[in-house]
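S.K.: Okay, these came from TrEMBL:
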TRANSMEM  98-120  transmembrane segment
TRANSMEM  132-154  transmembrane segment
TRANSMEM  166-189  transmembrane segment
TRANSMEM  222-250  transmembrane segment
TRANSMEM  334-354  transmembrane segment
TRANSMEM  366-390  transmembrane segment
TRANSMEM  402-420  transmembrane segment
TRANSMEM  427-444  transmembrane segment
TRANSMEM  492-512  transmembrane segment
Amino acid sequence: MASSLSCGAVSSSISLVGISSSNNLSQGREERREESEEHFMEEKQLLLGESSQQSAIDPSLLRRMYVGHFLSRWGARMWEFSVALYMINIWPDSLLFTAIYGVVEAASTTLFGPVVGTWIEKIAYKQVLRMWLLIRSLSFLAAGGAVTALLVYFGPASHKSVPFVALLVITNISGAISVLSTLAGTILIERDWVVVISNGQPPEVLVRMNSIIRRIDLICKLFAPVLTGFIISFVSLVASAVILALWNILSVWLEYWLWITVYNGFPALSENRQSRKIEVFSNDSLGARILELTNISKEGTLEQERTNWKRKITERLSKLLSFDAWIVYFNQDVVLPGVALALLYFSVLSFGTLMTATLEWKGIPAYVIGIARGISAIIGIMATVVYPIVHSRISTLRTGLWSIWTQWCFLLACLASIWINNSITSAWMLMGGVAASRLGLWMFDLGVMQLMQDQVSEADRCIVGGVQSSLQSMLDLLTCIMGMVVSDPRDFGQLVILSFIIVSSAAILYTFHCYRVRNHLLHLDKILAKINWLVNSL
């Protein structure tokens, strides 16, 4: 998957901590709120006064942004496909190592997803770019090197040796770090930059940019596994691991140049950054609590000092676990669509690590799995083409409704594959059902992302994106835990049944949200009128 599935609400200023009067605090907040409103009104007037705003978006800068996104997603898709094959070859006949890796990766995103969103908001965009690209490249290099050593120097009999365990730990941790760094780039570009760049444009501009970015991701999902599958099948697993590490080291310099060019080419990115810092503090409840603690500490009593320390500990724990971010997320109007999208990650019905390893165990060659995954990506690309067309005729909300039930219908083939006795036929039915369901899945993903972009305020946009990614990873974590509990590939059908139930629950949840918003699901009067017209015409 995609996911999808974010900027911090905690931004306190050191110079304000010394304010001891609540009246001064209120006055300061009012002044900042007025300054923020004046800034936004000036910016709005400027945008309204420029009738040629749309032409001001340089197509060459957009192309550079798209190329940078392609380079970033290609390496991530190579690793996402390869890691399952590495793990099933390190320990054949078991999904345990594959599931353990998935648990580590998903747990890291679950715990630190909101933190990543908060971190992006607190530092400059240039620093985010540098740290994102540097950490991602180094982590992929470490993971590729550790996997290469495991495949070359160790076999199934070495599972209990200290060097084997150490290399396995390095692979898992490095993979988790690379995913977190990739998440930072996803939040920065897909959740923030595209919205800022399209600000002041017709709504179709944002829809088109979202579709192109998702299409690029799916193109990488199409060709990266196919190429990697051929390398694994006709060269070696070791060669694929070495190529993965080299790709991420060599491409990082071009990526950085592309992203910096885009940043410098759109002044709205830096201007938006400055204005948001003021607005975030004006709504920062945690900053008010810190000021309150400062005032209390100056009163000097021992009991108050102890209370002050307890509150400080509570606040630090709250920062670490990002409680405020989760509260912001669950107060959004689009929380139910977000939860429905996240539930789709609690499933083995995708070309993820568990299903890929199971197909390998069933005797499906790596290049065939790569081609099947490529076909799945082609169908996903078709979804990015169909989505703007459907969106132009019906609302975003209804597009999501039709999309998720389309996915559900195609997954019926996966459910039926459980009762097919022939292993190869069952595997082909499973791959076919999953591939076809991507049409509805990616349209639903785009629909939910559009709802969040339209209905989440600018100050909360990155927070919500980070928590959404964290929630998706939390449910992906549960999927990997299921793989650890049911680690025998022969019992994969049990996971398919559970996954189908979860997808059904997500569809019902989103349907409930649509009914709550629109008070109806179908235009029965129009449907009946068309039926009557057909009957009368006959």
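Along the chain as shown, residues are numbered 1 onward.
Using the three backbone atoms N, Cα and C, a Cβ is placed for every residue, glycine included.
Remember, TrEMBL labels are computer predictions, not curated facts.
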S.K.: Short question: which residues 6 or more past the ends of the transmembrane segment (492-512) have a Cβ under 8 Å from it?
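M.R.: Sequence-distant neighbours of the transmembrane segment (492-512): 336-337, 339-341, 343-344, 346-349, 354-355, 358, 400-401, 404-405, 407-408, 411, 414-415, 417-418, 430, 444, 479, 482-483, 486, 521.
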S.K.: For the transmembrane segment (366-390), name the stretch out of 98-120, 132-154, 222-250, 334-354, 427-444 with the most CB-CB pairs under 8 Å.
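M.R.: When the Cβ pairs under 8 Å are tallied, 222-250 comes out ahead.
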S.K.: Between the transmembrane segment (334-354) and the transmembrane segment (427-444), are there three or more CB pairs that fall under 8 A, provided the residues in each pair are separated by 6 or more in sequence?
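M.R.: Taking Cβ pairs at least 6 residues apart, the transmembrane segment (334-354) and the transmembrane segment (427-444) are in contact, with 3 or more under 8 Å.
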S.K.: For the transmembrane segment (132-154), which partner among 98-120, 166-189, 222-250, 334-354, 402-420 gives the most CB pairs under 8 Å?
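M.R.: By Cβ pairs under 8 Å, 166-189 leads among 98-120, 166-189, 222-250, 334-354, 402-420.
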S.K.: For the transmembrane segment (166-189), which stretch among 98-120, 222-250, 402-420 has the most Cβ pairs under 8 A?
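M.R.: If we count Cβ pairs closer than 8 Å to the transmembrane segment (166-189), 98-120 scores highest.
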S.K.: Would you mind listing the long-range same-chain contacts of the transmembrane segment (402-420), meaning Cβ under 8 Å and 6+ residues beyond its ends?
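M.R.: Sequence-remote neighbours of the transmembrane segment (402-420) are 340, 344, 349, 390, 394, 426-427, 429-430, 432-434, 436-441, 443-444, 447, 493, 496-497, 500, 503-504, 506-507, 510-511.
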